[in-house]
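J.: Structure provided below as structure tokens; questions to follow.
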There are 2 protein chains.
Amino acid sequence: MSATIIDGKQVASEVRAEVATGVAAFVERHGRAPGLATILVGDDAASAVYVGGKQKACAEVGIQGFDHRLPGDATREQLVALIEQLNADERVSGILCQLPLPGHLDGVEMTNLIAAEKDVDGLTVGSAGRLALGLPGLRPCTPAGVIRLLDHAGAQLSGAEAVVIGRSNLFGKPMAQLLLQRNATVTIAHSRTRDLEAVAARADVLIAAVGRAEMVRGRWIKPGATVIDVGINRLAEPPAGRRSSLVGDVCFDEAFPVAGAITPVPGGVGPMTIAQLLANTLQAAELQAG
Amino acid sequence: MSATIIDGKQVASEVRAEVATGVAAFVERHGRAPGLATILVGDDAASAVYVGGKQKACAEVGIQGFDHRLPGDATREQLVALIEQLNADERVSGILCQLPLPGHLDGVEMTNLIAAEKDVDGLTVGSAGRLALGLPGLRPCTPAGVIRLLDHAGAQLSGAEAVVIGRSNLFGKPMAQLLLQRNATVTIAHSRTRDLEAVAARADVLIAAVGRAEMVRGRWIKPGATVIDVGINRLAEPPAGRRSSLVGDVCFDEAFPVAGAITPVPGGVGPMTIAQLLANTLQAAELQAG
């Protein structure tokens, strides 16, 4: 017995194809494309790569990209003015402020200036509240992408024991909410959890998002469980027998013989985030168009 | 061995005394008392009792009460106008719209018209989002009261396995968030949970909020656990040997010899809700006064 590998690249490309179809229909009805504005402050190399990837993905599905860049010493007033301008711009369906911001700017404050209906990252207070209360709204991209992967893998969520390791605002907490909405019995574990191995071993659905390379070992996994690895950690060199030096939070080689299904790193959860951002942008455009 | 009984009446009276002291200091500084506006639409007898209890509690600690009543056939426009008037009224620190509203009015919509800084019930999208993201804000009264009871009982929350049975917006979901902030490993169980007894039996801190009389049995409880019973169910007649026909969601007589500490019904969680409402009203007044 060994696990089915959940192919995130394939599922992400399905999502992108669905979005492209939806965008074409939107253009047909409204005479314009949905638009995604990205804001990058400063010249952090990794952030520039992320923003570039998002803009490229928009172009591929027909979403109009608005690529805004401010210098690293931009003032709070400049950034506020830009966000307010984008909030008011009807061509802009979604707004994404790439984090982290330079130290003199408050990422939480700036994110919360984004109009609720354009919050395609799902990270504002309004979006978090709508999720917590079970109201419709834009959901954070990575947890939404994980739900899509679980559905693709045929995971039974209702009544399942789901364990999320990690409690960030970006992933762990909204992930738990989405699993609860799907009627899983949800446990959130974290750095203070006493016996993490025992908690993980209860999980029918185990989701690791801790940012520690290969922390989740094979013996932590309930036989047959569905394992979702959200971590992306770069080792100094590739592990024996691998080409990539990227590894997840799960020790794949140990987990593979035990799990029922598992996402690889890379090629698992990673590709879903941008795909879901595109889906959120289309959803936002459709909601704004009524 | 038998459990320590957590005396909610005593803890609630401590909270009320603290609020009374805080209110006196507020009056000293600002020349006016904090104010709580309650809104009751229609003549539901139970709702009238609740609102009356809240107004009486305000008077006892020196909070100025504003007791607004609308007829059962009040229009949406009338209720909206009242909430907007109270939002703008500087004497009103907190606003509480008693639920449920008559069927032609949308309780979620109306609640969300309350200004974030006056949301002393902690039930708006903004308050739920602030709680989910770990930002400061007004927290729902009953879960906040339970945290106070747990602290009073000396329960160790950091690293503890906490299980919340029930996932309502009013209690279960915010309770889980508050426990997570205190570094517990938190599980939310509910009607779809497969083996509720086994899940409950893992809990160092077990919190039942399901609304089913005495559903949680003695064998569900880990020896020494702290048990918080949020249920209030009225039986046709008092159980054998009892004077009150009110029982909780936990079978007290079975739980008492097993648990380390337990809240009774009545006299456990119940008294905390109004006490915490008073504390929230004072907190709101202080925040608004800067």
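Keep in mind that glycine also has a Cβ here, set from the backbone N, Cα and C atoms.
Pulled these features from TrEMBL for this protein:
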DOMAIN    A:6-121  domain 'Tetrahydrofolate dehydrogenase/cyclohydrolase catalytic'
DOMAIN    A:140-288  domain 'Tetrahydrofolate dehydrogenase/cyclohydrolase NAD(P)-binding'
BINDING   A:Gly166, A:Arg167, A:Ser168, A:Ile232  NADP(+) binding site
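Each of these features: where is it, how hidden is it, and who are its neighbours?
T.: Mapped onto DSSP classes, the domain 'Tetrahydrofolate dehydrogenase/cyclohydrolase catalytic' (A:6-121) shows 61 helix, 18 strand, 37 coil.
Classification of A:Gly166 (NADP(+) binding site) by DSSP places it in coil, neither helical nor stranded.
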J.: Suppose we call a site close when its Cβ is under 8 Å from a Cβ of chain B; which of the binding-site residues A:Gly166, A:Ser168, A:Ile232 are close?
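T.: Correct list: none.
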J.: Quick one: give me the count of other CB atoms within 10 A of the CB of A:Arg167 (NADP(+) binding site).
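T.: Result for A:Arg167 (NADP(+) binding site): 24 neighbouring Cβ atoms inside 10 Å.
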J.: Tell me whether A:Ile232 (NADP(+) binding site) sits in a helix, a strand or coil according to DSSP.
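T.: Reduced to three states, the DSSP call for A:Ile232 (NADP(+) binding site) is coil.
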J.: Can you break down the domain 'Tetrahydrofolate dehydrogenase/cyclohydrolase NAD(P)-binding' (A:140-288) into helix, strand and coil residue counts using DSSP?
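T.: Tallied per class, the domain 'Tetrahydrofolate dehydrogenase/cyclohydrolase NAD(P)-binding' (A:140-288) gives 53 helix, 26 strand, 70 coil.
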J.: Given the binding-site residues A:Gly166, A:Ser168, A:Ile232, which one is most crowded in terms of C-beta atoms within 10 angstroms?
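T.: Buried the deepest by this measure is A:Gly166.
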